[in-house]
Amino acid sequence: MADNDSLDQFLAAAIDAAKKAGQIIRKGFYETKHVEHKGQVDLVTETDKGCEELVFNHLKQLFPNHKFIGEETTAAFGVTELTDEPTWIVDPLDGTTNFVHGFPFVCVSIGLTIGKVPVVGVVYNPIMEELFTGVQGKGAFLNGKRIKVSAQSELLTALLVTEAGTKRDKATLDDTTNRINSLLTKVRSLRMSGSCALDLCGVACGRVDIFYELGFGGPWDIAAGIVIVKEAGGLIFDPSGKDLDITSQRIAASNASLKELFAEALRLTGA
């Protein structure tokens, strides 16, 4: 495991890369977009590709021996295996559909894993000027101010956030809507922001109490947010209530009081 000085160095590099990528996102947000389809509703823009190239080039110059996993390179060349080596896991533009529509929940997400464990996380929304950071053992912050998860202890008064994903086959849609219908009877209300990384940050700073998603894109959606939630005092787990597998495309997050209550509610939906 890296020492504290190394973690601070990694964090500083990730923040620098995120802010540079943020400039590209901010510029592109207000311009006409060139949009390509990765699936029926899954989109990619030149901004996604440009940001990933910028972030990787910046970090590779500083840490040439580290490994790299990114959403767009993975989409083009296939899944890169996560090893124990220091690995930067990057979503250059989480919330691409939001970006295309001019909805300001967009961000760059940069996480670093060592021994397959996320230890540094940076999530930056350049439209709303919010920089979320977390380092293992050092706390989580929003624009430099320490954040923590909510103290909510009852499901019925909890605010839940989730996402509908990009699959539109009938079986998946039926499962998704049936699950949401069931959960809406157990929580105060439900939100969808369109960004997995920002949903995790929402749990970390107490804006929402619970997050879950089944079938998101890959580890780049969650690597940074995992650190930020944990360092804010929250729990990250598989929606079944078991330990998270970062490569499983299943995740849930909450405070300690709500974890078992929510996991049981999800189990009753068949998740």
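Residue positions begin at 1 at the first shown residue.
Heads up, the Cβ atoms here are built off N, Cα and C, so glycines get one too.
Under the DSSP three-state reduction, D91 (Mg(2+) 1 binding site) is assigned to strand. Sequence annotations record features per position, and here Swiss-Prot assigns Mg(2+) 1 binding site to E71, D91, L93 based on similarity to another entry.
All protein chains included, L93 (Mg(2+) 1 binding site) registers 28 other Cβ atoms within 10 Å of its own Cβ. Annotation comment: Swiss-Prot describes E71, L93, D94, G95, T96, G194, S195, C196, E213, D221 as substrate binding site.
Long-range Cβ proximity for D221 (Mg(2+) 2 binding site), meaning a same-chain Cβ under 8 A and a gap of 6 or more residues, is found for E71, D91, D94, S109, C196, A197. What Swiss-Prot records for D91, D94, D221 is Mg(2+) 2 binding site, and it gives similarity to another entry as the kind of evidence.
Under a cutoff of 8 A between CB atoms, and with a sequence separation of 6+ in the same chain, the neighbours of A2 (N-acetylalanine) are F10, P86, I114, V119. Per Swiss-Prot, N-acetylalanine is recorded for A2, and the stated evidence type is a large-scale study or a structure entry.
In this structure, the binding-site residues D94, E213 were compared by how many other Cβ atoms lie within 10 Å of their Cβ, and the smallest count belongs to E213. Of the binding-site residues E71, D91, D91 has the largest number of other Cβ atoms within 10 Å of its own Cβ. Its own atom aside, the Cβ of S195 (substrate binding site) has 29 Cβ atoms within 10 angstroms in the protein chains shown.
Taking the Cα atom of each, L93 (Mg(2+) 1 binding site) and S195 (substrate binding site) are about 9 angstrom apart. Using the Cβ center of D91, D94, D221 for Mg(2+) 2, the list of other same-chain residues with Cβ within 8 Å runs, in sequence order, E71, L93, G95, C107, S109, S195, C196, A197, F216, G217, W220, I222.
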